[in-house]
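Undergrad: Sharing the record's features from Swiss-Prot:
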ACT_SITE  E65  active site, proton acceptor
ACT_SITE  K152  active site, proton donor
ACT_SITE  C186  active site, nucleophile
DOMAIN    25-297  domain 'CN hydrolase'
MOD_RES   S2  N-acetylserine
Amino acid sequence: MSSTEEMSSVKNTTQVIGVDPSSTVRVTIVQSSTVYNDTPATLDKAEKFIVEAASKGAKLVLFPEAFIGGYPRGFRFGLAVGVHNEEGRDEFRNYHASAIKVPGPEVERLAELAGKNNVHLVMGAIEKDGYTLYCTALFFSPQGQFLGKHRKVMPTSLERCIWGQGDGSTIPVYDTPIGKIGAAICWENRMPLYRTALYAKGIEIYCAPTADYSLEWQASMIHIAVEGGCFVLSAHQFCKRREFPEHPDYLFNDIVDTKEHDPTVSGGGSVIISPLGKVLAGPNYESEGLVTADLDLGDIARAKLYFDVVGHYSKPDIFNLTVNEHPKKPVTFMTKVEKAEDESNK
């Protein structure tokens, strides 16, 4: 229907719940824009779309990258090599204010929305941990539980100046009654080893919130669906110039930057693809709205008859991936008891 200090080998450690391969699951992508500099209003907007998707039978709802907090396309933050300025500092202060703490009140509200509407929810958000920001995907269950998060491990280009880098401790794949759900954010999808880690954890519904609406992106999504033998859901914002806050110093490529002209700044392209490489819904480049498809879960087994990238088509005697899932912290504090135990073990 249209409209992931100790090193460990990659393995699927999720609890097996089991999915009926004969079942069909309806999933929905929300293609819409952030309300910039207004996180409460963005949450209100998200609620509207979640309610609408659930009313149409969706069991999983996916939002775009950085939907809460906003994807700062064209923002400069006063950045230039060897240059620092007050305007950039103020711009970052405002952006930081729009980000959310995880856990926090906004996360609680999202969990409540997922539970009230009986949906699995995957939400793109800008997370603040102290004064470092992360581009994060948040996962919620239909029982109203916050399951956990994935922090983008490698921001792209100038994103690295405003977002921190996630570590291997937040690369989850959740085993749910509708399938194993995980996420790769934007150009993480171009990292073969990251994708392989998700495949090894058994991902079946591969969520790809993104800020890339190029034609090449569509080709990547089809490739990943076929490579991983999984359903791929790619969510992108659709945003017009008028929806950005007033600012004299945005840099938008190939468009006339005036609110009167009101060009499209983020061009959509949300799409749903089957494990066999078939486009089930989208891409939508025209407007905000819902992109919905019914997933035949039996297609996963059908696809893996001939190609299982971490199973019968792998070659572990030659190629092997190791993933460090230990949290990386800049400072570790040891109590006197821990120090004594450490000394006694030497």
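Backbone N, Cα and C define each Cβ position, glycine as well.
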Undergrad: Fill in the CA-CA distance, the residue listed as 'active site, nucleophile' to K152 (active site, proton donor), as an integer in Å.
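TA: Here the two Cα atoms are 9 Å apart.
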Undergrad: I'd like the number of other C-beta atoms within 10 A of the C-beta of K152 (active site, proton donor), please.
TA: 27
Undergrad: Once near-sequence residues are set aside, which residues in the chain of E65 (active site, proton acceptor), 6 or more away, have Cβ atoms under 8 Å from its Cβ?
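TA: Long-range Cβ contacts: Y71, G124, C135, I185, C186, P209, T210, A211, A235, H236, Q237.
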